[in-house]
Amino acid sequence: MADGRSFREGVDILNESDDLLDVENHVPDEDIAAVAAEAVRSNGPAVRFSETSGVVTPVSGAFAGPEQATQYREKPWTRLALALGLGTDTPYQRVVERVAGPLAATTEPEETELLAESSDADCYSLGLPPLNPGEPPAFTLGVLAIKDGDETQWLPVRGTVRGTNRLRAVIPTNSAIQPGAAVSLCLGVPAAALTNTILHWLDRTQTGSIRPSTRSDAVSIAKHEGVTVPATSEVLVTGRVADFEVGASSSDIKTAWELAMDTDVVDISVDVVAHRDSPRVPFVPLGTPLTDDIQLVGIVESARLNYRVNNYWGIAPAEWIRLPGEMGLGMCVVASEILYAGFEWQLSNTLFSFSNLFDKILILDEDTSAADLSRPLDDIWVKAHPSQDWVFSEPSAPAATAPKYRTDGTPGSRLFINATWDPRWDEEYIAPRVTYETSYPEEVRQTVSEMWDDLGFDSSNSS
Amino acid sequence: MSADESDATDSFRGYLERLEKRGACNRIDHQISWNLETGAVTMRANERDSAIPVFEDVSDESEARLVGDPYRGSRQQPWGRVATGLGLSDDLTTDGFYEEIIDRLRSPVAPTVVEDDAAPCKQVVHSGEDVDLLSFPWPFLHVGDGGRYSNLHTLIADDRDTEWTDWSSHRTMFHDNTRASVLLLAGEQTPNIYYYKYERHDEPMPVALAIGAEPAVECVSMMWIPTGRNEADFAGGLKRAPVELVPCETNDLLVPATAEIVLEGRILPNSRLDEGPYGDYFGYMHGPRRSMPVLEIDAITHRDQPYIPFTVEWSEVGYAHNTTSSMEVACVGPDATLGLRAAGFDVEKLAPWPFTPRTVYVISTDTTRPSYLHELANFIFTTWGMLHVDFFVFVDSDVDPFDQCTVLEAMALYADPDEDFHQFGTETMPKVPLNIYQTPEEKGDVQMGTSKAKTAKTYIDATRPEGVEHINRSESENRRERAREILDDAGLSAEIFEKPSVSREGEN
């Protein structure tokens, strides 16, 4: 079994890693989103709000790392890696491979005892924070388990509390949901439950495939009120579909997964609320750049594309693929071997055909590190010839869904930027990259390293 | 800040003393060789944002000293060291710094001329047979470099036909005791004077290289001061006092009196020597080796135990800063902003791209109509020095062009490939050969420092589409302040909120 962590265990690991801020003073519900947003804006740690008005302990930033536009030491995928049971130094590609696991192979989850217990809490007394003052309490990152015959389908979900025993949820279109169906809103689920579910729905809605399962051996499951749910869920709000509006659009701020798919709105009549002791639930201050949902979808979509592209031609040319949260998922960055002249066109159009999120792709040489965003942000300008390597398609391509233009779906151009060496170039044309290692012989580097402290470069004179 | 620290320093060594008082420079007494070691230490210091290294002992044969990237600022405050040199407060925001520099540039102060005995740069004078360039410890910076360089200095040259004296910066590679090659790229001011005036008349161009001049002089050498206007006046404006100049020994040029070293000489007509390769500012060691004009040295004057400042190019690529990138922000940014405003454009701010200097600039502007952006971009592309720059990114005036996340987001989410990427594919514009996307054949033999092939000069309109609101959450400043207080009370360091620059009015 994969070493998946429960949401609670993931938060504890963040705490042990000194990447969690405990806010122990009471914070009014209406201030939580602003505090969480401010922590994200300042590249701060995850935040746990221990003293709030309700039952739950909201945790923001549990899956979202810091941005890399101003620093490189902290990696945006580290918190997700920890939540998935990996280590703090896990390379990006290892995280991506873990997330893409259900595409590569089906594994069976273990059925265990449910940890949440029924309580007297209702939808309001849970104490879910609103996104803005005066708005209803919100759940921003969860899984909705819906009964589908003998099976249970898991959907990504966000929504609001609409009454003591009523929820309004936004879910992907074309789910198995029916009026009167039993459903359970699962909050504080393991990261793998979220990545598996988002992976499934991203792949399903953009390629039509239903192959990647939302279940895997990384998430133990349990039966609850006839519905299969993640066994370690912190909160389970269970009831029946009361009202169901196909294709209804929600005018409020969306989560990142909604950018990739159409959604329905469903009202749920709640019968039972169950939760663990002091339940922790993720909370996303939606509308803030680089929040949990953006990073999660960026990594999951990258994992999906990485798997698809590297299983398309019978070879695996792509070293890595990223949808940086810093670019709001509107641009895909890929490092790849350029197999032959023109392969960059095939690669780009393959990526465009697998994902509708973006309409811009930056292609880098295969030896470029995934861990350093500054390299793409240099190469895009210095390596790609502005009149030859910025390649625009005819203006008849489908509109991408992450950008803020052509939101009515009007077709337009796509762009790929080829910042790789032309495979037709002679070797002598290729400019070697300047690095500390290539600029200085080993003995010079060794001398500098050994003498550094003696040279007086210590914290007292570091400016 | 003490009273004297609110004045600009009059000399480079005065600047070093000011850094030392603040614990911001590290005087290293161990002997560190000019041959790669000083470069390696400086690159490491740049990467770690450590104190500025001052190498007091770099050679058994010379008393001269080296200073690695003396104007390098931090990622949060790239302009900070320049501010120190000019006597500006550390507490300024980037907006405040820009406006202060712009204000000072609007009030030039003419230089004064002093006698030799009042000019420290005349403490030691070598001329004729005494000239020996290689007696100085010019640094060898990267393994693949074509030679040893002076790369942080002011090149002083008189226009052949007018009273104009141009100060600029052109790296210089030393060949022997009296000769060097100077990177002169046509399209820039001094190279144009040389190629299209002196050389066409088969005349040598008298020049002086002022090495280790006072900070204000260093700053204006990096700026785009209009043709016909003397940088010396603007250096006086920056320091709010006249720059003291002194006549050269062997020609009629005037040079900064407190400079550490002055090389007097002539750039010869129709004479070339190899220049480069060089680990350049965009992060690659590019070729081919070029032929560049020859500088013949006639005299060297210097202070006792002179300091030679240098910059380690490449180390500014990525997250670190060096002198080049810091001065791009501190000097080119405000100067270009002023120039565009003076030309009638409604520009809020011009910011250099932080990951690669001199290739792309981000400009925030209130006016975003297509014809205006077209006019603005192409106006800039016609100015001197623009043969380096291929891209402009335009953002709305409520986007801070120094806020990389917001700029990246704007490029990805607002710039429509259908209509917001302009002049890509229009291969009709000139380019310097300092690039890696052209082949050696496309660069040609670069006799005047321009590539044989042309390129595209482009711009991206990353302003918001009509009707689209700011992407981000709208939060009142009061609410944000309360949120910061809560985080602060919980133990989050207040420093984390001190973002590098500017208020983000669009979110308020």
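The chain as shown is numbered from 1 upward.
Yeah, the Cβs are placed from backbone N, Cα and C, and that goes for glycine too.
Keep in mind it's a predicted model, so treat the numbers as computed, not measured.
According to TrEMBL, the features are:
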type	residues	note
COMPBIAS	B:463-487	compositional bias 'Basic and acidic residues'
DOMAIN	B:16-101	domain '3-octaprenyl-4-hydroxybenzoate carboxy-lyase-like N-terminal'
DOMAIN	B:113-312	domain '3-octaprenyl-4-hydroxybenzoate carboxy-lyase-like Rift-related'
DOMAIN	B:352-462	domain '3-octaprenyl-4-hydroxybenzoate carboxy-lyase-like C-terminal'
REGION	B:463-491	region 'Disordered'
May I have the DSSP-based helix, strand and coil counts for the residues of the region 'Disordered' (B:463-491)? 13 helix, 0 strand, 16 coil
Counts by DSSP class (helix H/G/I, strand E/B, coil) across the domain '3-octaprenyl-4-hydroxybenzoate carboxy-lyase-like C-terminal' (B:352-462): 26 helix, 21 strand, 64 coil
Averaging pLDDT over all residues of the domain '3-octaprenyl-4-hydroxybenzoate carboxy-lyase-like Rift-related' (B:113-312) gives 96
Reported in the order helix, strand, coil, what are the DSSP residue counts of the domain '3-octaprenyl-4-hydroxybenzoate carboxy-lyase-like N-terminal' (B:16-101)? 33 helix, 18 strand, 35 coil
